[in-house]
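Now, the feature entries from Swiss-Prot:
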type: BINDING; residues: 83, 182; note: heme b b562 binding site
type: BINDING; residues: 97, 196; note: heme b b566 binding site
type: BINDING; residues: 201; note: ubiquinone binding site
type: TRANSMEM; residues: 33-53; note: transmembrane segment
type: TRANSMEM; residues: 77-98; note: transmembrane segment
type: TRANSMEM; residues: 113-133; note: transmembrane segment
type: TRANSMEM; residues: 178-198; note: transmembrane segment
type: TRANSMEM; residues: 226-246; note: transmembrane segment
type: TRANSMEM; residues: 288-308; note: transmembrane segment
type: TRANSMEM; residues: 320-340; note: transmembrane segment
type: TRANSMEM; residues: 347-367; note: transmembrane segment
């Protein structure tokens, strides 16, 4: 009798995705982040669901409802902080996952890569709207500043902003719709993640060497299920250390002050995972130019597969490209630091130089390094 795992229509899908999936035998821990992102997503949906049971999306009661969750709801504080810090863990895993894709040339799977970029944009939108919901000072002013950027779009900008606000300023209508979108988007992300996996399993996984591994495949279970469980345990360990010891480490103290449209905080800044993009936005003195740079800083990922000039897929055997990659990582860390600093000398010039470097490395230096390596190998 054939195993039900291989015959049942639903079980067959699960089997071909998580059990009998042929997997390269040499993939490293950098390939763990896909499953960790899945765990983060499930965790965020579950904690978010329980928070939504007690949250009210009204400007008069939103701040109080979050306080009520932390003070009066059974284990409300842990659910709230798991959700807030879970977002940080989500983005850490996302950045690692994208970095892995860039380093090992996984972006040559075009469909998988492009769905991944859409997933990144959807996750960023979800996180931004979630940050608005507690209705603290940084929530209100963050929403005001970021939505206002759309007014830089010629001709339709102002109308577009007022349409998104649902009025002439960030108010009750804005908060209500942000809550609605924040609730629905994770389910859209889940559907997109399934499409992401579908496209990945059409080609099979890449591996650190970038060389096709069809001759050397092993079943996903038990080899990589056990490896993923170890990764998940480490993820939950780090998350719970954050939640239980320093829950507000990555937050902004200004968000414990209720939103006040008459009082602007001294330094408006987003959550840490948006600071690199915020620094690029601020580095251009022109409003429309800044908005374009901000959008391009993310959409540049779509161009990466077309900028691949190397005869090799992975950077494993390409030392010059490796140097470029790690300079890019250092540059992104610099941008993240600058994004959290006030707009004054010397931070302005550092931010501008780091922004120029970011685009220069991806568009010019990396393809050039690949061409040099090809010539050195006489290819």
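Cβ atoms are placed via backbone N, Cα and C, with glycine included.
Looking at 33-53, 77-98, 288-308, 320-340, 347-367, the range that has the most CB pairs within less than 8 A of the transmembrane segment (178-198) turns out to be 33-53. Highest Cβ count within 10 Å among the binding-site residues 83, 201: 83. Summarising the environment of residue 196 (heme b b566 binding site), the number of other Cβ atoms within 10 Å of its Cβ, over all protein chains shown, is 21. Through the fold, the transmembrane segment (33-53) approaches residues 69, 79-80, 82-83, 86-87, 89-90, 93-94, 96-97, 100, 182-183, 186-187, 189-190, 193, 228, 231-232, 235 of its own chain, all at least 6 residues removed from its boundaries and within a Cβ separation under 8 Å. Nearest to residue 83 (heme b b562 binding site) in space, judged by Cα atoms and limited to the binding-site residues 97, 196, 201, is 97. DSSP classifies residue 182 (heme b b562 binding site) as helix under the three-state reduction. The Cβ of residue 97 (heme b b566 binding site) has 20 other Cβ atoms within 10 Å, all protein chains considered. Residues 98, 102, 105, 107-108, 110, 113-114, 117, 120-121, 124, 149-150, 152-154, 276-278, 280-282, 355, 358-359, 362-363, 366-367, 370 of the same chain lie 6+ residues outside the transmembrane segment (288-308) yet bring a C-beta within less than 8 angstroms of a C-beta in it. The Cβ of residue 182 (heme b b562 binding site) lies under 8 Å from the Cβ of 48, 126, 129, 130, 133, each of these being in the same chain and 6 or more residues away along the sequence.
Taking every recorded stretch in 113-133, 226-246, 320-340, 347-367 and counting its Cβ pairs under 8 Å to the transmembrane segment (77-98), the highest total belongs to 226-246. Residues 29, 32-33, 35-36, 39-40, 78, 81-82, 85-86, 88-89, 93 of the same chain lie 6 or more positions beyond the ends of the transmembrane segment (226-246) yet place their CB under 8 Å from a CB of it.
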